[in-house]
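TrEMBL has this to say about the protein:
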type	residues	note
TRANSMEM	A:12-32	transmembrane segment
TRANSMEM	A:39-58	transmembrane segment
TRANSMEM	A:78-103	transmembrane segment
TRANSMEM	A:110-130	transmembrane segment
TRANSMEM	A:176-196	transmembrane segment
TRANSMEM	A:217-241	transmembrane segment
TRANSMEM	A:261-283	transmembrane segment
TRANSMEM	A:295-315	transmembrane segment
Amino acid sequence: MPEQLAFTIEVFLNGLMAGVLYALVALGFVLIYKASGIFNFAQGVMALFAAMTLYGIMNGQVPFAHLINAIFGTEIHYFGWNVPALAAILLTIAVMILLAWMVQRFIFRYLVGQEPIILFMATIGLAYFLEGVGDLMWGSDIKTLDVGLPQGINETIDEVTFGWFGYGFFIDNLDIVASVVAIILVAALVMFAQYTKQGRAMRAVADDHQAALSVGVSLNFIWILVWSLAGFVALVAGIMWGAKSGVQFSLSLIALKALPVLMLGGFTSIPGAIVGGLIIGVGEKLFEFLIGAPYLGGATENWFAYMLALLFLVFRPQGLFGEKIIERV
Amino acid sequence: MLDQGDGYITEDGRKIGGVVMEMRNITLRFGGVEAIKDISFDIREGEIRAIIGPNGAGKSSMLNVISGFYVPQEGQVFYKGAPRPPMKPYQVAQQGIARTFQNIALFEGMSVLDNVMTGRLTHMKTGLFSQALWVGKSEKEETENREVAEKIIDFLEIQAIRKTPVSRLPYGLKKRVELARALAAEPSLLLLDEPMAGMNVEEKEDMSRFILDVNDEFGTTIALIEHDMGVVMDLSDRVVVMDYGKKIGDGTPAEVRGNQAVIDAYLGVAHD
């Protein structure tokens, strides 16, 4: 087998893995958008906030330590204990549910029936607020999140592919774990939406508010549920990206990469978010490898996704799986 | 508790029970406009109660007051003998009042079966976590509720389209699916907002038959709004007539038909 082809396959696989993470972030957007029509600009910051909270809890950080010290002149930073990863994750989930409740109670309850652009602006406000609160609570230093996920090159794949192609593929264990987790998460979400009472109520609210009320569904409860789910998805994304490249402000910028994913997949489709994520992940890696690096001077990964999204906006604005936009006259 | 009365026997020999729902001196305003002016009437168990009147008479507003979508400024709603505090539409639904809408409010993206299953939501009691993990009673509950939904689907003769997404159905069938969803809740009171609006003669006959069958088979108490006088007179046991937000008549179809105010409202005389 020619080496070029083996390289291409490796790049393709790595692209898939990166795509899974994009899809994970995009999924958070789709969940909220479908159920409430809110485009949640804060999804990326929620991932950052979740990862920071998880790190803080695991390492026994005192929340708002700087604030407390500045006011009372104390010098406390740590409780002096470490919380096991699993317990810390459960606590962080509780924090994200609390956050979901607060977002609904203090922001969106007052904005029911407002224009989408107003709801969108509110989430921009939420994004900056949450970013500030996150820094204030846990400090703005770069943190290395380690919840015990395997990292580094997968030896088995390396050896097996070396046997086949005479060239060992470099696939990161973390990427494999992330993919498996993402697949399980998506499957669980789909099952939840299809086969449970709350899932059915969630789909009902996404479809028609008035009809949902008439069959006894509380919109408020469903919105809190949906924000909680988005918070949970944000936590998973935060753990994966945090483990990969550290918990820092740039983590919230992955939300920007989710935008082209959504434009490809459509804002209302869960399968769309996944396929869109994979296409962007694979597309940008392959483009960089085959065209970008040899002919365009590299670094095409920074703009490829947006370029692709732009093409979609021109030729297929509803995305691959989005509901078709029909204007009746 | 309020005295719910003894009921009566209808012309065709059905026994009607006590008062399920009583509207007492209801007034509803939108800004300066009075959509409903001091209206009182009751709905008794097992009867088909019609609310009729010309366009803009306030019929739909009245239905929306009953189902909690509007909160009246004055007056009191009594349900099952007790005064009902102001509540949200979903709470009203949880109390056993189901409804359909004039302009059809179905979940377009879901199948017919899923739509009917949403009607069962108020009957599913297991908690969020047991649902999410699909443990405990959740599975049994799903099966039981599924059986009820299937029974109603059979009853309304929509088996053939069970799995069809609602968005693909023609108008007449959508109306029937909406009725199925409301029925699936096994409501104590079923509210139908113009169930026959926009239908052709055959579809109207079908729908009339289903309404009568539902009332007959399940003993469901039904309150309906309708434009078509002929249909109303055939279907209903008692009729409230509204005009310009006021009640101008109340009684059996025969009584109402002979009422001069009602004739004037429908044929049109100069209002002073």
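For all residues, glycine too, the Cβ spot is worked out from N, Cα and C.
Unlike curated records, TrEMBL annotations are generated automatically.
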Winner by Cβ pairs under 8 Å against the transmembrane segment (A:39-58), considering only A:12-32, A:176-196, A:217-241, A:295-315: A:217-241
Recorded stretch that, among A:12-32, A:110-130, A:217-241, A:261-283, A:295-315, has the most CB pairs under 8 Å to the transmembrane segment (A:176-196): A:12-32
Highest-contact recorded stretch vs the transmembrane segment (A:261-283), from A:12-32, A:78-103, A:217-241, CB pairs under 8 Å: A:12-32
Distal contacts, the transmembrane segment (A:12-32) - CB-CB under 8 A, six or more residues away: 38-40, 43-44, 46-47, 169-172, 175-176, 178-179, 182-183, 185-186, 189, 226-227, 229-230, 233-234, 236-237, 240-241, 244, 254-255, 257-258, 261-262, 265, 267-270, 272-274, 276-286
